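Undergrad: Take this structure first; my questions come after.
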Amino acid sequence: MKIYGVYMDRPLSAGEEDRMMAAVSAEKREKCRRFYHKEDAHRTLIGDMLIRTAAAKAYGLDPAGISFGVQEYGKPYIPALPDMHFNISHSGRWIVCAVDSKPIGIDIEKMKPGTIDIAKRFFSPTEYSDLQAKHPDQQTDYFYHLWSMKESFIKQAGKGLSLPLDSFSVRLKDDGHVSIELPDGHEPCFIRTYDADEEYKLAVCAAHPDFCDGIEMKTYEELL
């Protein structure tokens, strides 16, 4: 397993954007051109290039020659590399990517105040009870731990919104370990949280417990 990250401390330069646009597919270029905000296009480009760079490094490929497909529920994959599973997430200034030999999910969330009201609608009764039991000063922090863990689980399962958020429960214990109450018939999986930034929560869900130790940071130059 590998986790790669890029922190956007500045916008892409015109030259960097042009080189990345030249490496991605025509469909991705068109998607980037349709974004109203340039930073959204840059996040999309960087996420695409993170995957290309990871695949190229692992398999000795030309990054620009990699083609992507889409599974039934919209999860991207590389048809030529059936043993390479990956997932991308971005929020705020962060773009992260997880790569493994088995299905994997990753989610990063920038924390914002005043968002925990949606917990009762989307979280399981167990999760909502855990959240309510936290001190008010800790509730936003724990809410985003729950949200990122649940999103990583759904992305690992690869079933999109067909898997309701309240159909399973996750719990972050005081020692940092995560317990999961799985939906009926679901394959075993494991979740770990990572420290990316004090303003963000990051979680990875994998089919095995052998997580990597941390995030391997990449610069714009390393993606070109």
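Just so it is clear, glycine is given a Cβ too, placed from its N, Cα and C backbone atoms.
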Undergrad: Among GLU39, GLU151, GLU181, find me the residue Swiss-Prot lists at the same Mg(2+) site as ASP107, GLU109.
TA: GLU151
Undergrad: Work out the three-state DSSP category of GLU151 (Mg(2+) binding site).
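TA: In the DSSP reduction, GLU151 (Mg(2+) binding site) maps to helix.
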Undergrad: Please report, as numbers and ranges, the same-chain residues at least 6 past the borders of the region 'Peptidyl carrier protein binding' (158-189) whose CB is under 8 Å from any CB of it.
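TA: The answer is 71, 73-75, 103, 105, 122-127, 130, 142, 145-146, 149-150, 203, 205-207.
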Undergrad: Setting ASP107, GLU109, GLU151 aside, what same-chain residues sit with their Cβ within 8 Å of the center of the Cβ atoms that define the Mg(2+) site, listed in sequence order?
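TA: What remains near the Cβ centre is SER89, SER91, ILE108, TRP147, SER148, MET149, LYS150, SER152, LYS201, LEU202, ALA203.
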Undergrad: Of ASP107, GLU109, GLU151, which of the binding-site residues has the most Cβ neighbours inside 10 Å?
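TA: Of ASP107, GLU109, GLU151, the one with the most crowded Cβ is ASP107.
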